[in-house]
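Visitor: Okay, these came from Swiss-Prot:
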{"type": "COMPBIAS", "residues": "198-209", "note": "compositional bias 'Pro residues'"}
{"type": "MOD_RES", "residues": "Ser162", "note": "phosphoserine"}
{"type": "MOD_RES", "residues": "Ser210", "note": "phosphoserine"}
{"type": "REGION", "residues": "158-209", "note": "region 'Disordered'"}
{"type": "MOTIF", "residues": "229-232", "note": "motif 'HCFC1-binding motif (HBM)'"}
{"type": "ZN_FING", "residues": "1-93", "note": "zinc finger"}
Amino acid sequence: MPRHCSAAGCCTRDTRETRNRGISFHRLPKKDNPRRGLWLANCQRLDPSGQGLWDPASEYIYFCSKHFEEDCFELVGISGYHRLKEGAVPTIFESFSKLRRTTKTKGHSYPPGPAEVSRLRRCRKRCSEGRGPTTPFSPPPPADVTCFPVEEASAPATLPASPAGRLEPGLSSPFSDLLGPLGAQADEAGCSAQPSPERQPSPLEPRPVSPSAYMLRLPPPAGAYIQNEHSYQVGSALLWKRRAEAALDALDKAQRQLQACKRREQRLRLRLTKLQQERAREKRAQADARQTLKEHVQDFAMQLSSSMA
């Protein structure tokens, strides 16, 4: 498993490219080390509940050298190896904290300020001069009001068919904090162009059920209940089970092939031994035949010499 930086918003991993760039990884001090609290406090990362500071249970938590200042390292040896000093603490986390605050600001809707309320009030007052008296404008509800109540989520067919149907200036709705800027632009457009008397507003027709209503009832993804302390996620358990079964089947097949190869090797060894024995017997028979022939030749030579004498 490759090492990676556990700081919020940092995606640096221990690869060949990062090592060539001179980026090193340093492990979080153990729980009995007083510097551990400083490291966790400076990284400004919250626990999964979002209440306190992040205190991981794993012993393999690393921070890359981009979060340390230059004076936190020292040169060691002739090769120029940069080693982290004993009392070094990571302090460079500003950019990642700003990024996290920006994403949080985008994800929540806050009530408009006094300047926006006064601008919307003046715009609605100019538009109401041509329509008649209206009820006084009320500011949008506070941010703690839920934007999507259960009644609207259970009956999506009652939503308007198009965003053209705007709310009245005096009415307050849970969607007013989301439709505030859009409603102001639509009111300005309505002030510039008066509606013709021939065009009558058509009754709202029920729209088809959006697929998002069914997406809310889908089960969570596999491994969603597992607490993630790292930037990677555990895959599907069913997928890993299938991979394990496929690996076991491949291992069983390889073992059967190995046993068959061993039996074939044993048969070949026995056949080779028999051939060697037959070859040795043939050599001994040839040697005996030569010796017998030599003896016969010597006897014939002796008989021939004795007969000539």
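The backbone N, Cα and C atoms fix where each Cβ goes, and this holds for glycine too.
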Visitor: From the DSSP assignment alone, can you count helix, strand and coil residues within the zinc finger (1-93)?
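Guide: Its residues fall into 20 helix, 19 strand, 54 coil.
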Visitor: Three-state secondary structure of Ser210 (phosphoserine) from DSSP?
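Guide: DSSP assigns Ser210 (phosphoserine) to coil.
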Visitor: Around the C-beta of Ser210 (phosphoserine), how many further C-beta atoms are within 10 angstroms, looking at every protein chain?
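Guide: For Ser210 (phosphoserine), the count of other Cβ atoms within 10 Å is 11.
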